[in-house]
Amino acid sequence: MKFKWDEFFVTGDPLILGAQVSIALSTIAIIFVLTYFKKWKWLWSEWITTVDHKKLGIMYIISAVIMLFRGGVDGLMMRAQLALPNNSFLDSNHYNEIFTTHGTIMIIFMAMPFLIGLINVVVPLQIGARDVAFPYLNNLSFWTFFVGAMLFNISFVIGGSPNAGWTSYMPLASNDMSPGPGENYYLLGLQIAGIGTLMTGINFMVTILKMRTKGMTLMRMPMFTWTTLITMVIIVFAFPVLTVALALLSFDRLFGAHFFTLEAGGMPMLWANLFWIWGHPEVYIVILPAFGIFSEIISSFARKQLFGYTAMVGSIIAISVLSFLVWTHHFFTMGNSASVNSFFSITTMAISIPTGVKIFNWLFTMYKGRISFTTPMLWALAFIPNFVIGGVTGVMLAMAAADYQYHNTYFLVSHFHYVLIAGTVFACFAGFIFWYPKMFGHKLNERIGKWFFWIFMIGFNICFFPQYFLGLQGMPRRIYTYGPNDGWTTLNFISTVGAFMMGVGFLILCYNIYYSFRYSTREISGDSWGVGRSLDWATSSAIPPHYNFAVLPEVKSKDAFHHMKEEKTELYPESKFKKIHMPSNSGRPFFMSVAFGIAGFGLVFEWYWMGVVGLIGVLLCMVLRSFEYDNGYYISVDEIKETERKISE
């Protein structure tokens, strides 16, 4: 790649200029606030170096909300461009860049970290653990994700964004058709963030299998913990495929290899297969934790034990197996034989069976329950019909012959948004509101929360339901404009109105966070909603102390905390207090991730010397870690008593 210094910063577009100015002003404002209030030491010692799973979860969620804003703005710009025929709001290249970054950010840098953030906050509490199995690795996982996300996101102001679509199909992603650093940003940003996700998968799989409290057998685990365990197993098997695929495509672009080009025996379809062998399990990586969140919320606010617990566990395991057997349905039209298409058509339809089982589990859980229509419960109730719409249209797409009509039309776009927004995004909002007191010590305002729910949910349906009909009328996806005689104007305009309603809903959520911080009553009890059934609500305060439990609880049944309340069990008798071992904070994961970022940035522009320097930094941090003998520290019984006394006051 012949790099030109006058092309280092992206110029010539007022939208990009506005973004550059806002980034500069925001950075200056953050530095000023931290300096003025003397918070640099606090930021370093309490957050950047923390190994506390709860704080890392909050950092994941904050990052995900920022990415939701960035990806949402991309989506609104796309809808603004398509609102009217022959619109010139965006040119074709800018639209392709936004289309690419929107999909990548929402899947990789918003949905996954949001769910991983909730997992970090909740799962160790649900299994009665003090922290995760590998706290140091947990910090490293976050910072590699964050650095990968930042590397990807600076592309739109430095060098130029990727524009080959979020799937980066070859040969479109080759140097010939996508010159410049944009596609390199995609490959290296995802690679670095993917390393962090793989480490998270290993960490939480070990945590759940090895660190459950006394009496918590696998079949007594909360459903959110079960879905997390299965999700982590999928991550461990799926993400190495993505890692290898990204590495091979990087070799094609950076070093002239031919893994995915027809020259020298390469095969473009190899990329499509590798991408979707990871890509479809990825769908279940972001949907299974959502199922767990809805299970916790529905069971809690229906005040009933989850119906069909064993069937629920079996269906989750079945989905995890089938998720690796359906990837070819993403390219039924690309020349596979009839027998291959038939096999993957059958497996795709089969995966709807265990998914359907869970729908009935939730419905029967609510049957004859004393339901409280809180904001989290409203999101859970909205999820069921909207997700079913997405699922039914998914079965339609699973029919290989019919897919020749639906493929690459807006019918498909509507389908996966009904699955991913109604499934994953609704769950992120529901879980965020449900466990908000566990993170910040107070609830979000219910009245404002319900305004957010209704505006966003109605806007979602106004935006995406018309797209089914646009697809049936032949509107292809990924086009940046259309003619007035195509007959798509009215439905596209309606869809755009719905998209901006969703944007208004997001702003209401942000206002709710501010309003609740100022005016909400601070929670005293660890059971903030009064309907808690699992151990995450059994803590002695709304925000758990850093050691989580003064005495590790003993579990005797499913819904352990619910039964403890019924039996009036004393949770934390002082006679059982013992000194608690906790891990020490460390700044090395941060520096190692920065080194990853330096290496990635250098390789984006093919400055190999910078790439080597960055990788040497990574190796140096690993060597220093191997000579580290810090085994953590102990919290004395007196300190535990003092902490618990302050909590109870």
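Keep in mind that glycine also has a Cβ here, set from the backbone N, Cα and C atoms.
A quick note: this is a predicted structure, and the numbers were derived from the prediction, not measured.
Features reported for this protein in Swiss-Prot:
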type: TOPO_DOM; residues: 1-13; note: topological domain 'Extracellular'
type: TRANSMEM; residues: 14-34; note: transmembrane segment
type: TOPO_DOM; residues: 35-55; note: topological domain 'Cytoplasmic'
type: TRANSMEM; residues: 56-76; note: transmembrane segment
type: TOPO_DOM; residues: 77-104; note: topological domain 'Extracellular'
type: BINDING; residues: His102, His417; note: Fe(II)-heme a binding site
type: TRANSMEM; residues: 105-125; note: transmembrane segment
type: TOPO_DOM; residues: 126-139; note: topological domain 'Cytoplasmic'
type: TRANSMEM; residues: 140-160; note: transmembrane segment
type: TOPO_DOM; residues: 161-187; note: topological domain 'Extracellular'
type: TRANSMEM; residues: 188-208; note: transmembrane segment
type: TOPO_DOM; residues: 209-228; note: topological domain 'Cytoplasmic'
type: TRANSMEM; residues: 229-249; note: transmembrane segment
type: TOPO_DOM; residues: 250-273; note: topological domain 'Extracellular'
type: BINDING; residues: His280, Tyr284, His329, His330; note: Cu cation binding site
type: TOPO_DOM; residues: 295-305; note: topological domain 'Cytoplasmic'
type: TRANSMEM; residues: 306-326; note: transmembrane segment
type: TOPO_DOM; residues: 327-342; note: topological domain 'Extracellular'
type: TOPO_DOM; residues: 364-376; note: topological domain 'Cytoplasmic'
type: TOPO_DOM; residues: 398-415; note: topological domain 'Extracellular'
type: BINDING; residues: His415; note: heme a3 binding site
type: TRANSMEM; residues: 416-436; note: transmembrane segment
type: TOPO_DOM; residues: 437-451; note: topological domain 'Cytoplasmic'
type: TRANSMEM; residues: 452-472; note: transmembrane segment
type: TOPO_DOM; residues: 473-492; note: topological domain 'Extracellular'
type: TRANSMEM; residues: 493-513; note: transmembrane segment
type: TOPO_DOM; residues: 514-585; note: topological domain 'Cytoplasmic'
type: TRANSMEM; residues: 586-603; note: transmembrane segment
type: TRANSMEM; residues: 607-624; note: transmembrane segment
type: TOPO_DOM; residues: 625-649; note: topological domain 'Cytoplasmic'
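Between the transmembrane segment (188-208) and the listed ranges 56-76, 416-436, 452-472, 586-603, the one holding the most Cβ pairs under 8 Å is 586-603. Here the transmembrane segment (14-34) does not lie next to the transmembrane segment (586-603) in space: the count of CB pairs under 8 Å, restricted to residues six or more apart, is fewer than 3. Below 8 A, the CB atoms of the transmembrane segment (493-513) and the transmembrane segment (56-76) form 3+ pairs separated by six or more positions in the chain. The transmembrane segment (56-76) is in contact with the transmembrane segment (140-160), judged by 3+ CB-CB distances under 8 Å for residue pairs 6 or more apart in sequence. When averaged over the topological domain 'Cytoplasmic' (209-228), pLDDT in the model lands at 96. For the pair formed by Tyr284 (Cu cation binding site) and His417 (Fe(II)-heme a binding site), distance between Cα atoms is given as 14 Å, rounded to the nearest Å. Within 8 Å of the Cβ centroid of the Cu cation site, not counting the listed residues His280, Tyr284, His329, His330, the chain contributes Trp276, Gly279, Pro281, Val283, Ser323, Val326, Trp327, Thr348. Only residues 6 or more beyond the boundaries of the topological domain 'Extracellular' (250-273), in the same chain, are considered here, and those with a CB under 8 A from a CB of the stretch are 167-171, 173-175, 183-184, 187-188, 191, 327-328, 330-331, 334, 603, 606. Comparing 229-249, 416-436, 586-603 for CB pairs under 8 angstroms to the transmembrane segment (140-160), the maximum falls on 586-603. Outside the topological domain 'Cytoplasmic' (625-649), and at least 6 residues removed from its termini, the chain residues within Cβ reach (under 8 Å) are 136, 540-541, 545, 547, 550, 572, 574, 577-584, 586, 588. Between the CA atoms of His102 (Fe(II)-heme a binding site) and His330 (Cu cation binding site) there is a gap of 19 Å, rounded to the nearest whole number. Within its own chain, the topological domain 'Extracellular' (161-187) has Cβ neighbours under 8 Å at 1, 3, 7, 93, 96-104, 107, 151-152, 154-155, 246, 249-250, 252-254, 260-261, 268, 271-272, 275, 279, 478, 603-606, counting only residues six or more beyond its boundaries. Within the same chain, the residues at least 6 positions away from His417 (Fe(II)-heme a binding site) whose Cβ sits under 8 Å from its Cβ are Gly390, Cys463, Phe464, Gln467, listed in sequence order.
The transmembrane segment (105-125) makes contact with the transmembrane segment (416-436): 3 or more of their CB pairs lie within 8 A, with pairs spaced 6 or more apart in sequence.
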